[in-house]
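Note sheet for the following structure.
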Amino acid sequence: MRVLGIEGTAWAASAAVFETPDPARATDDDHVFIETDAYAPESGGIHPREAAEHMGEAIPTVVETAIAHARERAAAAGENGVPIDAVAFARGPGLGPCLRIVGTAARAVAQRFDVPLVGVNHMVAHLEVGRHRSGFDSPVCLNASGANAHVLGYRNGRYRVLGETMDTGVGNAIDKFTRHVGWSHPGGPKVERRAREGEYHELPYVVKGMDFSFSGIMSAAKQAVDDGVPVEDVCRGMEETIFAMLTEVSERALSLTGADELVLGGGVGQNDRLQGMLAEMCDQRGADFFAPEDRFLRDNAGMIAMLGATMYAAGDTVPIADSGIDSNFRPDEVAVTWRGPEESVDRRRAAETEVQGAEATVRFEGDRVVKERVPRSYRHPALDERLRTERTRQEARLTSEARRNGVPTPLIRDVDPQEARIVFQRVGGADLREGLSASRVADVGRWLARIHDAGFVHGDPTTRNVRVGARGDRPDRTVLIDFGLGYYTREAEDHAMDIHVLAQSLAGTADDPETLLSAAEDAYRAESEHADAVFASLDDIEGRGRYQ
Ligand SMILES: C[C@@H](O)[C@H](NC(=O)OP(=O)(O)OC[C@H]1O[C@@H](n2cnc3c(N)ncnc32)[C@H](O)[C@@H]1O)C(=O)O
Ligand SMILES: Nc1ncnc2c1ncn2[C@@H]1O[C@H](COP(=O)(O)OP(=O)(O)OP(=O)(O)O)[C@@H](O)[C@H]1O
Ligand SMILES: [Fe+2]
């Protein structure tokens, strides 16, 4: 099979030919040819109009080059006739004016050769290229690109967003900083180069469940440069902070789903420090890590052609009349036709005497549980020390405070912030994830309402951070654990984030997330004194377009 791919969502006017004997898996005989003409703004960032002008000029040329290449391949193979089997194009997300040019070009080629058209989601292509080339079954996928940043896993016919940025994409955040200091676009590679000469400069670190935000870091980074901190130190601090956040949320996703494979996608994925941190994190927890070559990480038509071939083989083509572009096309909107319902990122594991959580090692000793935040060598030592002690102190404080507010939590037997160790009473028979029911999820809604009314959030209320079921002679209760990301706040938006984190984790682990979530929401409303403000804020968060 030979597929032509066309990409042009933002800066890369790119066309590719992907030829494979088996579109379902990578083989030694796969052949990928990519021709790219990059748009480089003369000043500032990407201007949509200029980018579209670039696409208008460059797309026809790269497409003809790719078609010529396909003809050569066909001739060399002794074929005569149409040189391609299908045309795949990036349908979105991206800049509308650019996408329209790509769509028009793709339709024209499909008509010219009378072959089917395949509409590819650019973000799904970023992650599938790593899955395809690694041969992994069902990995967690980290997409670190310019306009996006999210962690995904496949379950029940879709790529679920397990966590994502609450504001800008990771590359855009970095590029905004480099514009501030007067460097040309794109800024990412320049930050990488300068960071090598710098000392770590501390910046805000913001992870909420598996979501994260960059705006605070970026304001602080710009301010630091304005205040005279050497720019290379700020670059180093930015890399250490941002990439540690992305690594931590990837580890959280591995821990939540039980998966043991991680693939990386997106232009920021070309950064060596990010790849190094992810590889080190995976190595420490015994997971496999794969990053495709740079030419498949940054925007390129090769990934579009490859996923196009897989989709075409699954019969997933689109009639020309329905082949409109979608500039807000989210990865979780794609009905994944090329993977079976039995596949899943979610793997249950048998009971162990030691659990490796996302940030701590948890040992079971009879009736006690010893939780230790072991150092994470991928993080800068100063950042590592800060996170481990702060979170240990906070976890001990909030676990007790929740209990004082009528929320079941484990008793604390001992705390040692220096060693980042807490000894808890052992509670429950299983994680909520293994024992999901509407009444238990409703309990979680009720408990969240109580702690919110008391003026703090849990910070990470996933289905793994709730224990359920009877244990010994103790009754069946729903017990909240792991308050390490909690903090004091009376802001409705922070409270809403807790519910949002719960919703995302249900989407990642439950078969009927909607029913369960509404049980939690009803209970929350019945219990909370501020439910209206919180749900209004939740609508805002989910309506920002980033969330489904
Ligand atoms: C929708 C689509 O158009 C968009 N594509 C995109 O953003 O291009 P991509 O090639 O995936 O990523 C470009 C970003 O990747 C950053 N980048 C490139 N090399 C880098 C490096 N060595 N370190 C850090 N960032 C880097 C650039 O600064 C830029 O922000 C997306 O995937 O979000
Ligand atoms: N007090 C407890 N009683 C029984 N089991 C517990 C207790 N504390 C933790 N566990 C078990 O250990 C697992 C990991 O604990 P915890 O969530 O506190 O660690 P973590 O490293 O913060 O994990 P993550 O960040 O992935 O949620 C829990 O999902 C639960 O199965
Ligand atoms: Fe991209």
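Just so it is clear, glycine is given a Cβ too, placed from its N, Cα and C backbone atoms.
Residues or ranges marked as region 'Kae1' by TrEMBL: 1-338.
Feature annotation from TrEMBL assigns domain 'Gcp-like' to 32-305.
Long-range C-beta contacts of His122 (Fe cation binding site), restricted to its own chain and to partners at least six residues apart, with a cutoff below 8 Å, comprise Glu7, Thr9, Ala90, Arg91, Gly92, Pro93, Gly94, Asp299, Ile304, Phe329. The Fe cation binding site feature in TrEMBL is assigned to His122, His126, Asp299.
Residues annotated as L-threonylcarbamoyladenylate binding site in TrEMBL: Asn143, Ala144, Ser145, Gly146, Ala147, Asp175, Gly188, Glu192, Asn271. Counting every protein chain shown, the number of other Cβ atoms lying within 10 Å of the Cβ of Gly188 (L-threonylcarbamoyladenylate binding site) is 23.
Beyond the ends of the region 'Disordered' (390-412), by six or more residues, the same chain brings 359, 369, 373, 420-427, 447, 450-451, 453-454, 456, 458, 467, 477-487 to within a C-beta distance below 8 angstroms of the stretch. Residues or ranges marked as region 'Disordered' by TrEMBL: 390-412.
Taking only the Cα positions, the spacing between Asn271 (L-threonylcarbamoyladenylate binding site) and His126 (Fe cation binding site) is 15 angstrom. Taking a C-beta cut-off of under 8 Å and a sequence gap of six or more, Ala147 (L-threonylcarbamoyladenylate binding site) has these contacts in its own chain: Ala10, Pro93, Gly94, Thr168, Gly169, Gly171, Asn172. His126 (Fe cation binding site) sits 7 Å from Asn143 (L-threonylcarbamoyladenylate binding site), taking the Cα positions as reference. If you take the C-beta of Asn143 (L-threonylcarbamoyladenylate binding site) and look for same-chain residues 6 or more apart in sequence within under 8 angstroms, you find Met123, His126, Leu127, Ala149, His150, Val151, Leu152, Gly265, Gly266, Pro331. As a whole-number mean, the pLDDT of the domain 'Gcp-like' (32-305) in this prediction is 96.
Checking the binding-site residues Ser145, Ala147, Gly188, Asn271, Asp299 against ligand 3, the ones with a C-beta less than 6 Å from an atom of that molecule are Ser145, Asp299.
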